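Chemist: Please find one structure pasted underneath; my questions will follow.
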Amino acid sequence: MKTLHFGVFEVMGPQVGGTYSWPHPLSAGIDYLDPAHWIRMAQVVEEAGFDFLFFAGGYGYPIIGDDVSRVSVEKGINFSGLDPDYIIPVLAQHTSTLGFVVTQSTGLDHPAQLARRLSTLDHLTGGRIGWNIVTGASQNAVAEVFGHERMVPHDTRYDMAAEYVELASRLWEEAWDDDALVADRASGLFARREGVHRIVYEGEHYRSRGYYGAPPSPQRTPVLFQAGTSPKGRAFAADHAECVFVQGTTPARTAAAVADIRRLAAERGRDPERLKLMAGMTVFVAETADRARELEAEFDAMQTDEIVAALYAGNTGIDLLSLDPDRTLQQVLDAGGPVGQMGTSNIERFLGEDAPTVREILDQLRGLGTRGFRVVGDPVRVADRIEELAAETDLDGFLIEPVFEPNDLRAFGDLVMPLLRERGRLRDGEPGHTLRSRLTEGRGGDRLGSAHPVLGRSAATA
Ligand SMILES: Cc1cc2nc3c(=O)[nH]c(=O)nc-3n(C[C@H](O)[C@H](O)[C@H](O)COP(=O)(O)O)c2cc1C
């Protein structure tokens, strides 16, 4: 029976998932500017037995027409967000084994800048860092913020990302020998000159030919997560990722995406079962099913078509409310505009045979935003459904997407985790010290390992 892994999906903003929940009395999300809020959150998450706290994020925001979506600003829907890099070392001081995964987009700064930030975090947390590699949501807004004339095309962003990760990995893995850092007070030797190496990288998009100042951290390379499930995104995941955050849609579609990513990994000579694939999940759980349904109804009552439309526009550039509600998304393709440059997954899933109308898409996404599966009920029902979904999809775990944080995370920890543990679904005993050893049940060690394809395939010369 497969061990399941659990993370918590957060963003350093008032709420997650492109839905509206922070004004609810059970949510503390609006305290997100206060470090005490995050310390409390990290402690709840660690005590509940989660493997890691995952931070989504980016510079984008939903644009409708040619301006920021009004409802996004007024309700804080994917609009406000801080950089989680700075709070993570604080949280590491208040927890002992919890991992931290941070989303950072490729294509904005130079790989050496991000590499150094992540090395720093891996040192400061004792090896508890993962990097969620994205090419970036809401690219039209990102282009505005960075003053770019236009968005870099979708597939080119992935080509750039491949170079970005290859260069960063070489800095982490090859710039310092394990014994290069001596730091010996008696001899006064800081580092062995022969043990540090110039990294020369000549890519089409990125170049480097210098020395890397950050000595090897416990994991060297942070655990490589990836999110983005277009065909190009899946190929990228199969090439680079150790963990993949798959968009949870229906069980059947998710199972197909999981199988496809494992197949692509196997084609590249990787062990497909070593890849950890996870999807988002929103859980409404309480001692009784009635109370769980009440919580769900209270959340659903806060959602509107405008919120759904803002979120969808942020992912795709398409304003659903400007379309004919009785026709399918084919009307956008028929109009001939540039479609899919921001992200294709959320368009493709609504095309083809039996495609829903725009009205049906709005209804389907209501309360869902970018969230994955929704599970509602008493603790036994929720634990059963989690096991069923894992079996139906071949996923390795779930990222719980809170609604009324941290109260609902605490409820999940108190009510559902013990059942999963009893059923043998959670890892036994003490977790490994680094995030990588924790996610590989100790078998993968702390390091990326020389078998990882990113190290064998690079545009570089040493
Ligand atoms: C489940 C999931 C979570 C994501 N989280 C983020 C995020 O936090 N920040 C971000 O910039 N992009 C995020 N993305 C990725 C962007 O959507 C992606 O890099 C870009 O839109 C291209 O995606 P595509 O391969 O699905 O077309 C996420 C994607 C998925 C599927």
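Glycine too: its Cβ is placed from the backbone N, Cα and C atoms.
Remember, TrEMBL labels are computer predictions, not curated facts.
Computed from a predicted structure; not experimentally measured.
Feature table excerpt (TrEMBL):
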DOMAIN    33-390  domain 'Luciferase-like'
BINDING   THR103, HIS154, TYR158, SER230  FMN binding site
REGION    426-462  region 'Disordered'
COMPBIAS  426-446  compositional bias 'Basic and acidic residues'
Chemist: Is the region 'Disordered' (426-462) packed against any residues at least 6 beyond its ends, judged by a Cβ distance under 8 Å, and which are they?
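Modeler: Counting only partners 6 or more residues beyond its ends, the region 'Disordered' (426-462) has Cβ contacts under 8 Å with 3-6, 49, 51-52, 97, 99-101, 126-130, 163, 165-167, 169-170, 172-174, 197, 199-204, 218-224, 239-240, 242-243, 268-270, 274, 276, 417, 420.
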Chemist: For the domain 'Luciferase-like' (33-390), would you mind checking the mean pLDDT of the predicted model?
Modeler: 94
Chemist: List, in sequence order, the same-chain residues at least six positions removed whose CB sits under 8 Å from that of SER230 (FMN binding site)?
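Modeler: Within the chain, SER230 (FMN binding site) has Cβ neighbours under 8 Å at HIS154, GLY343, THR344, SER345, GLU348.
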Chemist: Should THR103 (FMN binding site) be counted as helix, strand, or coil on the basis of DSSP?
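Modeler: Looking at the DSSP assignment, THR103 (FMN binding site) belongs to a strand.
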